[in-house]
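Presented below is the structure to which this report refers.
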Amino acid sequence: MATNLSVIMILTFALWVTNPLHELQSTAAFSQTTEKINSNWESGINVDVAVTMQRHHLQQLFYRYGENDSLSVEGFRKLLQNIGIDKIKRVHIHHDHERHSDHERHSDHERHSHRGHAAAGKNSRKAFCPDLDSDNSGKNPNTSQGKGSRPAEHVNGRRNGKESASSSEVTSAVYNTVSEGTHFLETIETPKPGRRTKDINPSTPPSITEKSRVGRLSRLARRKGNDSVSEPRKSFMYSRTSNDNIQECFNATKLLTSHGMSVQALLNATEFNYLCPAIINQIDARSCLIHTASEKKAEIPPKTYSLQIAWLGGFIAISIISFLSLLGVILVPLMNRVFFKFLLSFLVALAVGTLSGDALLHLLPHSHASHHHSHSHEEPAMEMKRGPLFSHLSAQNLEESSYFDSTWKGLTALGGLYFMFLVEHVLTLIKQFKDKKKKNQKKPENDEDVESKKQLSKYESQLSTNEEKVDTGERPESYLQADSQEPSPFDSQQPTLLEEEEVMIAHAHPQEVYNEYVPRGCKNKCHSHFHDTLGQSDDLIHHHHDYHHILHHHHHQNHHPHSHSQRYSREELKDAGIATLAWMVIMGDGLHNFSDGLAIGAAFTEGLSSGLSTSVAVFCHELPHELGDFAVLLKAGMTVKQAVLYNALSAMLAYLGMATGIFIGHYAENVSMWIFALTAGLFMYVALVDMVPEMLHNDASDHGCSRWGYFFLQNAGILLGFGIMLLISIFEHKIVFRINF
């Protein structure tokens, strides 16, 4: 009994050992049979013809890029440059990539069309890169079983054996090559009930019968069209590379080193075959192509909202700027005080900072922009379809780096402008300080000559009185009546006659000046005489102060061109009628307001932040401008109501310019970039030519004010203007305002 039991146990153990060997032998026999059947015909491809064409194409490649049947690194680099995968490029696209096969509609220079990744099961890629089985020594351990009429299972060999069932998608064997050169196989088959699926070698293609069954099942699944599939079909490789990792753009050196090849090695045809999968993988994964159409921000409002914001924002901005003329009514009592002069100096400096900052930090970068924000309303859907990883890399890194690069360069230009302003201003202050110090040192020496100078002064005053009597018939009565009139609120803006004689007026010998200017008048000689006599002695006091009162107005006209309250002398305002002066204000300021409205309208069509930036710049430089216009009209004899009315009429052209800018920016978006460039030039001209000289040639000491106080106040205004424009430029993409009706 024990002997029988022992024999049974031995036989059982022998059967248990020999059964796996039998299975292995049957598996090997099955593989050999499959290879013999498909030796000359693999998945519909004639191997003999494929090998012949492979040799032909290799000969062509080596003939173009190699020498003596070998390919050097330089030749290989030229090959990569020719197919466009040697470096990252930006490709402009204008359509949505809803499925991967849509790349066939690209232009010829993009050359990355795909004919459906499911067709890769026919070993089309192996026809281009044969001998893939030379690197594959292992087998795919993943298997799939089917029972009854159960749908096929999708086995994924690259995700650690995890299986995902699908009832509508059936794919055949797909060869996938990553940059490291390791080959993976994605398989699917529909076995018969009760039959166990064997392991499939990645280098062994499916048989013809299996291929036909897979094709029938694929067509059947497509006809059924399962509703559970909610997104377009993608190949396994594309979904893997776009979601799980970032394909690096390999150049020639990286491709060689990643395949274990020396950079100095000479490649033959066999070694070049190993590089084919990596090259095809980079072309297929578009590793070296970046679509600039995906760089647009998803949070930009649609164009319909932008048009509504443009009209509303432009109307509000123009209205606020136009109402600045009413501010002159409030500031009339303050115009006689020193505080108003400090305020005006700060406003001029603020205008310089905002105008130049808007030109260099906003208008010029937007005029060089390669895309327009208004046609990005379809981009959020495109970003969602491409995945969050691609959207994050393209939208944030690329756009922010390119836009902020222009912003930092503009900020550097502003730094150079501010540096030169500081240098010129500080040198002027140092020179004035030295002159004042020398003047204080000479005072003790001149004390001895005080009595003699007093006597000389009396003699000169008597002589000037006699000359003025002679000159009475040759000059207008208005010049003589100027001193007898009641001083208006605006007369206090000018320095007194004593201040003019001591500081602003260049003194000359009375007889020479009288002989030169009395016969011919001073109408055409004021400016030249002022500069010709600027450096002469100040020992004598000038005699005809009325003439130099006119000269003082011309001095302010030359050095303060942007302040309209000092452009015209009192007699010019009286001689000109109210209607003529009103026409000058309406046309002159109206043209200026039209250009401002044009810039604001075009800027608001670009976006809310763009319109806000330009509106702030226009507001800051229009504030002293409108105050000057109001003062000129009041000085001409107008009432407050009339001055407000004429300023309102000139503001109407600003609304017309705003409407023109909105229409141009909305319907001709390429023209708006040119408007931005033109506006930047206008802003820079107004800031540097009109306002900076007024800052540098201030008459602070003439009014008993500190020059250093003016200096620090002007610096505060400039830096504040720079800071406002810089903040708007940096955070403009986050300034979003939507209007829903």
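Glycine too: its Cβ is placed from the backbone N, Cα and C atoms.
Feature annotation from Swiss-Prot assigns topological domain 'Extracellular' to 21-311 (among others); the stated evidence is similarity to another entry.
Cβ-based neighbour count (10 Å, all protein chains) for N68 (N-linked glycosylation site) stands at 8. In this structure, N68 (N-linked glycosylation site) belongs to neither helix nor strand by DSSP; it is coil. Residues annotated as N-linked glycosylation site in Swiss-Prot: N68 (among others).
The annotation compositional bias 'Basic and acidic residues' is assigned in Swiss-Prot to 95-111 (among others).
Annotation comment: Swiss-Prot describes 135-147 (among others) as compositional bias 'Polar residues'.
The N-linked glycosylation site annotation in Swiss-Prot covers N142 (among others) and rests on sequence analysis.
Taken from Swiss-Prot, the feature compositional bias 'Basic and acidic residues' covers 150-162 (among others).
Feature annotation from Swiss-Prot assigns compositional bias 'Polar residues' to 200-209 (among others).
The N-linked glycosylation site annotation in Swiss-Prot covers N226 (among others).
N251 (N-linked glycosylation site) falls outside any helix or strand according to DSSP and counts as coil. Annotation comment: Swiss-Prot describes N251 (among others) as N-linked glycosylation site, evidence class sequence analysis.
What Swiss-Prot lists as N-linked glycosylation site is N268 (among others). Summarising the environment of N268 (N-linked glycosylation site), the number of other Cβ atoms within 10 Å of its Cβ, over all protein chains shown, is 14.
Residues annotated as topological domain 'Extracellular' in Swiss-Prot: 363-409 (among others).
The annotation phosphoserine is assigned in Swiss-Prot to S457 (among others).
What Swiss-Prot lists as phosphoserine is S464 (among others), and the listing cites a large-scale study or a structure entry.
According to Swiss-Prot, the feature compositional bias 'Basic and acidic residues' maps to 466-477 (among others).
Look at Swiss-Prot and you will find 481-494 (among others) tagged as compositional bias 'Polar residues'.
The annotation topological domain 'Extracellular' is assigned in Swiss-Prot to 665-672 (among others) on the grounds of sequence analysis.
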Pairwise CA distance, N68 (N-linked glycosylation site) versus N268 (N-linked glycosylation site), rounded so that it is a whole Å:
10
Secondary structure composition of the topological domain 'Extracellular' (665-672) [DSSP: H/G/I, E/B, coil]:
7 helix, 0 strand, 1 coil
Could you tell me the C-alpha distance between N670 (N-linked glycosylation site) and N268 (N-linked glycosylation site) in angstrom, no decimals?
52
Give the residue from the glycosylation sites N251, N670 that has the most other Cβ atoms within 10 Å of its Cβ, counting over every protein chain displayed.
N251
Could you state the whole-number distance in Å separating the C-alpha atoms of N251 (N-linked glycosylation site) and N268 (N-linked glycosylation site)?
19
